[in-house]
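Here is what TrEMBL records for this protein:
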SIGNAL    1-25  signal peptide
DOMAIN    26-329  domain 'Plant heme peroxidase family profile'
DISULFID  Cys36-Cys119  disulfide bond
SITE      Arg63  site 'Transition state stabilizer'
ACT_SITE  His67  active site, proton acceptor
BINDING   Asp68, Val71, Gly73, Asp75, Ser77, Glu89  Ca(2+) 1 binding site
DISULFID  Cys69-Cys74  disulfide bond
DISULFID  Cys125-Cys325  disulfide bond
BINDING   Pro167  substrate binding site
BINDING   His197  heme b binding site
DISULFID  Cys204-Cys236  disulfide bond
Amino acid sequence: MARFDIVLLIGLCLIISVFPDTTTAQLSRGFYSKTCPNVEQIVRNAVQKKIKKTFVAVPATLRLFFHDCFVNGCDASVMIQSTPKNKAEKDHPDNISLAGDGFDVVIQAKKALDSNPSCRNKVSCADILTLATRDVVVAAGGPSYEVELGRFDGLVSTATSVEGNLPGPSDNVDKLNALFTKNKLTQEDMIALSAAHTLGFAHCGKIFKRIHKFNGINSVDPTLNKAYAIELQKACPKNVDPRIAINMDPVTPKTFDNTYFKNLQQGKGLFTSDQVLFTDGRSRPTVNAWASNSTAFNRAFVIAMTKLGRVGVKNSSNGNIRRDCGAFN
């Protein structure tokens with residue numbers, strides 16, 4: 001190797017060591033310890049206040065966090081309202097079904113923070129959403145965990161950027177793994193995060209084909225539990241309004257638990273993308289393990305959520321702290 005090349009290589013190494021990967025290096029549990037020391041309590045109070053009004057806030061916030069992080073990273077870009085000149089993420093067809101109560105959780109927490117002089121315009125909407133997501137999981141009986149903070153809010157939000165970046169209800173394990181791998185998440189992370197479907201509801205339109213006209217041979221997906229399929233057909237008949245809501249978890253829809261995996265063992269996964277986790281031999285062992293061990297599942301979920309929260313994090317050079325979570329400064 002030429003001397004010049006060696007010097008150049010050393011120089012590059014020094015640059016890398018001085019300027020580490022800012023996407024995760026900036027995150028820390030005590031990021032607001034001096035600027036807004038009671039940030040977690042303020043957000044938690046706002047979340048609890050909202051949940052008392054409607055439980056929908058719980059699954060809505062959790063889903064909002066996933067949809068935000070999977071498109072351009074965890075930067076609250078999904079919160080941005082469209083304008084005549086820009087169709088934002090939230091108005092892409094894959095995001096239109098996001099419940100307004102999830103957005104309102106963040107908005108109310110932001111108001112509460114801004115009413116505190118020491119916290120006003122100090123905490124990003126991205127961090128508020130991340131904290132609120134942990135809080136709704138805990139409120140539903142799920143595991144508590146420390147949240148890394150220090151995200152800045154994104155400066156871009158376009159509907160076109162959503163295309164192909166969110167898991168779909170008909171995805172198989174290959175497609176799910178590909179989407180999660182793109183975000184540096186493993187198959188185990190994917191299975192753990194899929195269990196968020198233990199909470200909340202979906203719309204009849206998302207499962208209509210699976211229970212009425214699956215393919216040329218079977219009208220109903222044969223991987224569906226027969227009794228469960230009949231229940232779904234009653235809840236979502238052929239002439240149903242596609243917006244009618246049904247529980248994702250038919251057993252404990254308001255509790256964050258490992259019943260999701262027990263349901264898969266019985267053929268009661270609502271979406272194809274749920275049930276394939278059991279029918280595919282690559283993911284079935286993990287489903288079986290977590291169906292019988294809630295502690296192991298909770299541990300895996302916390303790890304996966306922490307990793308998800310690091311995806312595409314913005315810093316002060318490509319983000320800012322929004323004054324209004326729904327609009328750019």
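Every residue gets a Cβ built from N, Cα and C, even glycine.
Automatic prediction, not curation, is the source of TrEMBL annotations.
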Fewest other Cβ within 10 angstroms of its own Cβ, chosen from the binding-site residues Asp68, Asp75, Glu89: Glu89
Ca(2+) 1 site shell beyond Asp68, Val71, Gly73, Asp75, Ser77, Glu89, criterion: Cβ within 8 Å of Cβ centroid: His67, Cys69, Phe70, Asn72, Cys74, Ala76, Val78, Gly154, Ser157, Ser161, Gly312
Nearest recorded site to Glu89 (Ca(2+) 1 binding site) by CA-CA distance, among recorded positions Cys69, Pro167, His197: Cys69
Gly73 (Ca(2+) 1 binding site) versus recorded positions Cys119, His197, Cys204 - nearest by Cα: His197
Among Arg63, His67, His197, the one of these recorded positions whose Cβ has the fewest neighbouring Cβ atoms within 10 Å: Arg63
Which listed residue (Cys69, Cys74) has most other Cβ within 10 Å, given these are disulfide-bonded residues: Cys74
